[in-house]
């Protein structure tokens, strides 16, 4: 133990330890331990003969029959060695029986201090079996990954030569182990340490010990410090807690700093270390460490207390029910003289269901079942206890006295229930603990789930039952049990669930609840959110609030930000607590104002966003009146701000200037109001002025605080504003490389994903196969490849043999479009997802290896095994949330090019409503110039509310100046304004009828009008084809009798038509009424007149008269015709006229008069003069 000197007076540290253990000096620890032992040190379950006794089971010895063999070869046999004292065991070696066909192929290792309460040795906390031999003479040596400290070692055969029997010779290697032991009885005894003031002070404190607990709760260690603060290590329900208390009374509620370990009351030794480094404490329990921050200091020395320097080793034989075939049969009893029966035992489990005990009721011809259901104890239908699947020991007592049956659970906790049958309960046959579901030969009936867990301390009529006699076949019967061991494993300690997902478990598996974590997968490893606004945009999202997880599966939490996608760049906006203009006035006694800004994102989130983005900026503005900003005659700034990581660094430049310049934007541009100063405000004038600009130096962002120092003078006034942090561009999302040869590749350092690994990337290719990624180990490997034009395969090996996860696509993947691959592997399963196809999963083997151990370089686009490499592009490659910089590595690698253009083939479909996809170096842009819509994907309707006096007139290209002597308009003048077809589309909402929606005029007195009336009939004739479609109704085609061209178009009018001299009186009257309602997304061929009028009124050939207001009234256009308006049904009319039409035969048209549409009241069209206009409506 080392001692630290904190700046305080010496204080007391009190140790309360059940058992403390200090290791000896490190030494070479590999000497043989078994070869010199006498035969009496060996025990076995049985022996085939005296020549096959366990004492002959020494490595390379030929005595007796050349080794040990039991009388029966099954999995209930065992060989045990007593090393004489607690020993550090580092390796084990096995060999078959000499000159025979008898050897072990696999086995289990057990260790114990007492010869009871065995503990199974596991590799990587999971693998229980060890590889054995393949013949009788070769030696298989296995070095333990973690040394075991025990006196007894037991080997249990699992598999043996199928053509022989169990045969074994063995050796173990290690060295003596010495320790000082102290025992506490749970009372007031303790071990006390004091510090002497002369001890050397260091920056580090370490307390280490080992303990073995007989109870699941109690104080292990307590350290008292200054100002009433104390730290304590306490067991609570088998977990070790580090608690901080304030105050010297025990009633003070402690603060839980950390919890580690589980099932620590298993009567086995556990290692604990508490280490202080500065203001941090590291708590280690066995192999797991947690770090906490605590400002407390302790100094210690030694003083003896009333303790026992030995360690009691009570014997408690447990049995483990491992699976569906496990049961324990014990003899029953007849009714005692008191007229009753008593049965008791303890159990622990993780499962919610399972049969614990069953016995027959011979007098009634029935059976009694005691079982768990939903973690409650039930006898037939009566319930008792709560949360009995918590892994803790629970005692059960059944007592029958005079027809009254009592069931008591955890007697000390007074949790019991009673059942009162009207008949006495006797147990004359057998007691079955656990029971196979179907096992008629044992007369053991089970209507419930099987029990998996541990039991111990069996009593019948208050007499303890010896389970060692059961093991030796002298008492009762059993099947598929592990006797003298409780094999319970806490699969949730430490929790395999990441990012705060709660862990629950059964006997065989764990489950992570990821519902509220923001992550998904078997271990809550992969984020459900994108890493930037840029990624959300390319999923087809528009502006709004989104959760961003900047490091994917990394430790940084998701954050809520606003994504502004209204511009060509996609901006991520992070707000703080004061983004508004804030006014300051002089205040008596205040010489400086200091303003701190709290951001909606946490520190690590802010820094990650800034680092990931291509560009960040923040507005900093200062409006002043007699309030100087930076410069004074002495040159010292009066105001400054802090920016950058943490609390920020002092910055003395202002928005729009360069770091370190001590200038404002006007100083950089040379246009300050006073050229002797570098800021407008430093002119110190009585008039309002300002210094504003953008801070764009990423290392100085975000702005943390602002200090304003010249606002105390009379007449001084100031207004400041610090805008939100805004960033655009995702350097990770577009990081790409192009592999132009199958032999080209990039290599990176070894990928470390021992327990959990996620890999995500995008690819596009025209090749049908190739390896995306590969990393090899000695035996382990991980690989992702395109195995065919429709299949991606994720394969790996962690020591259990190769596993593959495949996803098959119904469409080709070599279409030169981007496809997304997401692969994840953890201790529970592996998964693979391709684009939006269903995820494919593969469960990991139960109790298999789970550490992925790689040691070669990571190959991207190729392989170390010379398999076919990948030809194409790989982009945004991330491993466990860390982006690999493909572009930088590609710049120095032959055969690989940085970047990968051509994104419109993949994302062009996001551009809607005739928007045109435009390629960019990093991404794409939707050009909406030819669309009536706007927005990032040309998806936002452009709508306006019209009043009766509103008019929007769009003037087409003016004709060439006409000759003064010409009496006619030459057609050549208008040739570029002649239309052979018109494509008109719009959305509208109105409450008037009839109404004129759109009017197009020409220099030839031709016109086109779109009208709406509340009823009418369709009339068709034949010359050229037109069509009309309303909402989702079927498209209708019409033949209109007229010329095939619309010559010399002049203007298009929405709303009221002011120049209507060319119209009939009826249509002119309708045009003069205007339009009242909403028009949206008006499109005439390639022209969007309403969009031009609203968004570009000063640069477009539009004339606006009357009130016109942009509105979102168009957002519900798809529902307008279904809202129950009084003028339903609606009929829309296309009305065309051509005065110059001559000598064209007009086919008869039957019309129905309408009072609402007076210009329909025409005579038969065959009787019309050719000089009169021709009218058509749809």
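Any Cβ shown, glycine's included, is placed from N, Cα and C.
As annotated by TrEMBL, signal peptide applies to 1-30. According to TrEMBL, the domain 'F5/8 type C' annotation covers 29-175. Residues annotated as domain 'Laminin G' in TrEMBL: 317-486, 735-900. Feature annotation from TrEMBL assigns domain 'EGF-like' to 488-525, 901-939. Annotated domain 'Fibrinogen C-terminal' per TrEMBL: 524-576, in sequence order. TrEMBL lists 873-900 with the feature disulfide bond. Look at TrEMBL and you will find 1148-1178 tagged as region 'Disordered'. What TrEMBL records for 1157-1171 is compositional bias 'Polar residues'.
If one looks beyond the domain 'EGF-like' (901-939) by at least 6 residues along the same chain, the residues whose Cβ comes under 8 Å of a Cβ in the stretch are 534, 537-538, 540, 542-543, 565-566, 568, 570, 614, 729, 733-734, 764, 816-818, 985, 1081-1083, 1086, 1088, 1090-1091, 1095. The average per-residue pLDDT of the prediction over the domain 'F5/8 type C' (29-175) is 92, rounded to a whole number. Residues 239, 260-263, 266, 288, 320, 348-352, 391, 452-454, 547, 549, 553, 557-558, 755-756, 758, 824, 826-829, 831, 846 of the same chain, all 6+ positions outside the domain 'EGF-like' (488-525), place their C-beta atoms under 8 angstroms from a C-beta of that stretch.
Taking a C-beta cut-off of under 8 angstroms and a sequence separation of 6 or more, residue 873 (disulfide bond) has the following same-chain neighbours: 736, 737, 738, 739, 763, 764, 765, 900.
In the domain 'EGF-like' (488-525), the DSSP tally of helix, strand and coil residues is 0 helix, 8 strand, 30 coil.
For the domain 'F5/8 type C' (29-175), DSSP puts the residue distribution at 9 helix, 70 strand, 68 coil.
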